[in-house]
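Can you read through this structure? Questions will come right after.
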Amino acid sequence: MGPFSKNKSEYDVEAAPAEKSVSSSENGSGIVPDEGAVPAETFVLGDSWYARTQRLAGKFGVEQRGIERVPSDERSDAGMSQIGTLWLSANMVVSSFAIGALAYPVFYLGFIDTILIIFFVNIMGILPVCFFSTFGPRFGLRQMVLSRFYFGWYGVKIIAVFNILACIGWSSVNVIVGAQLFNAVNHNMPGWAGILVISVSTFLITLFGYKIVHTYERYSWIPCLIIFLIVLGEFAHSGQFENIPMGVGKSEAGSALSFAASVYGFSTGWTSYAADYTVYQPVNRSRKSIFLWTFAGLSFPLLFTQMLGAAIATAMAANNG
């Protein structure tokens, strides 16, 4: 029978008994034993509808594993650079650019204080993402499943609700901003059509799971970077930039903190997915390497796009749009 035929106590990700034995030498090496890990072949055993569906999905390259723990011998993703390129692609986007562009139109901040906020707050915001990314290879668990150990069986349900709301919110922001970009390029394309194109494309890519997502993200940052470099070149050539001085007083402090909250929320919001993208990395993978690749993959696109957005928004304000 398939995994769904097991009762809850047998199949609970944390509470389940060990599927594979672990030697005492492994236990003493800092590697977490494979208690509760579910081998890949488990998903396709039997003649249940679940097993048949899993076998069909496997033929099309769809990831068959859900939140179940990955056994250590199946954490065999050899690539390291793809950790960085995944975060690079995920943040080399218009949404990140738009966060930086909010600085003056919404919060009336000067250029220098905007740049300082973008730099220091982003660095602070991505540290939790980098830290929890190192947990994927060690435990073989997804981030929200790991959170059960921090918040407990009932506490994590609250966290899960907040995570769902955040996913819905950011997904809405991404498709709307993307649709607006489509409309700016082609005025004959209505907003709903742009939203539909982005939503369907996102669904098709993520449907196949871990490997396809990593493969797509390994290259998708390239055209985005080219576009942003063209924008930067045109902006620099225009000579329209004029610095807006830093403000003072309580109003400035309040605006700075509000903008900082927006920047921090954007960067640290990836924490709830952090371990998901390293869960197939080898169990003995260097935690330092994973941390640094994640840091590099997040810091460059966030700082580049948000600072560019802030500069262009400042120039538009100084020149009355």
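Note that Cβ sites are derived from N, Cα and C of the backbone, with glycine treated the same way.
Per TrEMBL, the feature region 'Disordered' maps to 1-35. Residues annotated as transmembrane segment in TrEMBL: 85-109, 115-137, 149-171, 191-210, 219-236, 256-279, 291-318.
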Quick one: do the transmembrane segment (291-318) and the transmembrane segment (149-171) have at least 3 Cβ pairs under 8 Å, skipping pairs fewer than 6 apart in sequence?
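By the criterion, they do not touch.
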Under a Cβ pair cut-off of under 8 Å, which of the recorded stretches 149-171, 191-210, 219-236, 256-279 contacts the transmembrane segment (85-109) most often?
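Counting Cβ pairs under 8 Å, the winner is 256-279.
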Who are the chain neighbours of the transmembrane segment (256-279) in space, where the CB to CB distance is under 8 Å and they lie at least 6 residues beyond its ends?
70, 75, 83, 86-87, 90, 95-96, 99, 102-103, 106-107, 109, 113-114, 117-118, 121-122, 124-126, 128-137, 139-144, 146-147, 159, 163, 166, 170, 210, 213-214, 285, 290, 294, 298, 302, 306
By Cβ distance under 8 Å, which residues at least 6 away from the ends of the transmembrane segment (219-236) in the same chain are close to it?
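Those are 85, 88-89, 92-93, 97, 301, 304-305, 308, 311-312, 315, in sequence order.
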